[in-house]
Every structure is written in structure tokens, then in C-alpha cells.
Amino acid sequence: MLETEICGIKFKNPVFLASGIMGETGSALKRIAKGGAGAVTTKSIGLNPNPGHRNPTIVEVYGGFLNAMGLPNPGIDEYLEEIKEVRAELNRMNVKIIGSVYGKNEEEFAEVAKRMEKYVDIIELNISCPHAKGYGATIGQNPELSYSVCKAVKKSVKVPVFAKLTPNVTDIIEIAQAVVDAGVDGLVAINTVRGMAIDIKAKKPILGNKFGGLSGKAIKPIGIKVVWDLYENFDVPIIGVGGIMNGEDAIEYMMAGASAVQIGSGVYYRGYDIFKKVCDEIIDFLKEENLTLKEIVGIAHE
Ligand code: RRO
């Protein structure tokens, strides 16, 4: 009932793991696959190993989590070993892999995407990390840079390429227009919302990086509005992400225009099998309303 096709790829369900959570090792990806995800997204991977920001890198706040991990990853060559280990098993479980890629310029993005391509079903370009100087949103807040990164990657790989957008902009349509013009096959929205928490006893910011990105329940209305606007303006598939905890949240994103959703913070609240739970909740709703998955995508615009 939840099978869906996006860019010619068949997914067993539209409830995916978001980048950044449980995506650093092959065994963690396998664990999420067993929890019922239709696809898993890797941690964002760059050309070279990166230790990330200094601790603390994550803090629970009202409405979600504030993180400034700082793109920690072992670099593409070492990371591919992790994926190679689980690729066959994920294939057997019919779970797709979305490879999240970052870089500091178009050459780096294209190089990492090219090396990753053989092992993943979709490439997701992370041009939206809210607190990585020279990376992430430095690119995703600038339409020209966003265009050139997406264009370079599109030239270097054959698998579908999605761009993950930052909500930390004044005009997200301008950015989305640039990446769509560059030929991306789909959009992922949203990355985390820039924020800060201060320890009033220590009298200083809690995160080692001082500020970070907010995820979780609090950002859902922001994500819904972005997905709504993207759906109104573009004719490419959208993957909705931001504060999805249950089936109702997923359905809300779909009604705004998302063909699939990704879950990150929700894993902390409802466990590794949140994917199976959310799928069951979506199925219950569809049965109750006598609707199909296809019918609810964008239904709120009618
Ligand atoms: O690693 C991170 O700190 C991070 C990344 Br790459 C991102 O895209 N979004 C986020 O909230 N944190």
C-alpha cells in the first residue's frame, strides 16, 4: 500500500532516514533498515576525513535538538567501506541508499559524488549545513554557488541528484530555482534552523561551536511551509524533512507536496523502528479516509 516510485526508483515505502542520524557506520544503517525505513540517508561525506566541531556538539532544547556536529566523517574512501559492507543486505531487504555529499566547491562535490555513485541509489547534495564555514549553507544561501555545484555534480553522475535546502534564507524559491535550473532531479527540505542555547550558570553558549541547527518538533511548521512553496513553484519530487514524529506529521508533509519524508530526531524519541510505526500510522489513515498514497501528495493545494 505504501510502495512508491520516485525518479524511476521503486521504494517499498516513503519513510526514510534523514542524513546525520545513525548514518555514520554500515551497522547503524542496517539497524535503521531493520526498523522499516524505505531508504536510509548516509551522514554527509566529504573528500577527506573531518573530526567535526569540539564538544558539546548536541544539546536537547525545548522542541527538539540543537546540534553543531561540524560534518564529522571519515572521508569518502573509508566511508565507502562501510557502505560496501551493507549494500548487499540492504538490497535483500529492498532498502535504498541515499548518499549525502558535501564539499567546499563544485570540484569536491563532483569528485565525492562520482566516487559514491556506484554504491547508492540517489545522491543528496548537502548545500545546507547551517554552521560549516565555507561549506553547507555558505553554498546553499547563494544561488550562483548552488547552481554551479549542482550543475557540476549532474555532469559527473548518472544517478538522480537531489539538493537539500536550508531554511536559513530570505527567499528559498530563488535558491530552489537555481538548483532546478542546474538540472537536479528533486529537492529535500529542510535542513536544520539556525539557533543557539546559553548556559546561564556558565554564562556562555552551550555548544562548542556556540550556535548550531535546530531539529525536531519545533521546526515542523517551517518545513511544511517550505515544502508547500516548493510544490507550488516546481515540478520535481520533494522529500519533506523536519520534525516528523508520527504518521500524522508525515501525512501533513505529503499533503503539502512531499512524495516521501525523512526522519531524524524522531529516532531518539520513538526508537529505531519509528519507520515501521510511521508506516503503520500512514496506512491506518489512508484506510480510514479511503485514499491512496498518490492521492494525498499535494492534496492540500486543491
Ligand atoms: O554535521 C553537522 O553538524 C550538521 C550537518 Br552536516 C547538517 O547538514 N545539518 C546539521 O544540522 N548539522
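Yeah, the Cβs are placed from backbone N, Cα and C, and that goes for glycine too.
TrEMBL entries are annotated by machine, without manual review.
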Same substrate site as Lys43, Asn67, Ala68, Met69, Gly70, Leu71, Asn191, Thr192 according to TrEMBL: which of Asn126, Asn290?
Asn126
Please identify which of Lys154, Lys155, Lys164 is recorded by TrEMBL as part of the FMN site containing Ser19, Lys43, Ser44, Asn126, Ile190, Gly216, Gly242, Gly243, Gly264, Ser265.
Lys164
Listed binding-site residues are Lys43, Lys164, Thr192, Gly216, Gly243; which sit with C-beta under 6 angstroms of ligand 1?
Thr192
Taking Ala68, Cys129 as the recorded positions to compare, which has the smallest set of other Cβ atoms within 10 Å?
Cys129
To test your reading of the substrate site: which residues beyond Lys43, Asn67, Ala68, Met69, Gly70, Leu71, Asn126, Asn191, Thr192, same chain only, put their Cβ within 8 Å of the Cβ centroid of those residues?
Gly20, Ser44, Cys129, Pro130, His131, Ala132, Gly136, Gly212, Gly213
So which one is it: of the binding-site residues Lys43, Lys164, which has the fewest other Cβ atoms within 10 Å?
Lys43
Here are some binding-site residues: Gly70, Gly216, Gly243. Which one has the most Cβ atoms within 10 Å of its Cβ?
Gly243
Would you list, in sequence order, the binding-site residues among Ser19, Lys43, Gly216, Gly243, Ser265 whose CA lies within 10 Å of the CA of Cys129 (active site, nucleophile)?
none
If you skip the near sequence neighbours and keep only those at least six away, which residues in the chain come within under 8 angstroms of Asn126 (substrate binding site), Cβ to Cβ?
Ser19, Ser44, Ser100, Val101, Tyr102, Gly136, Lys164, Asn191
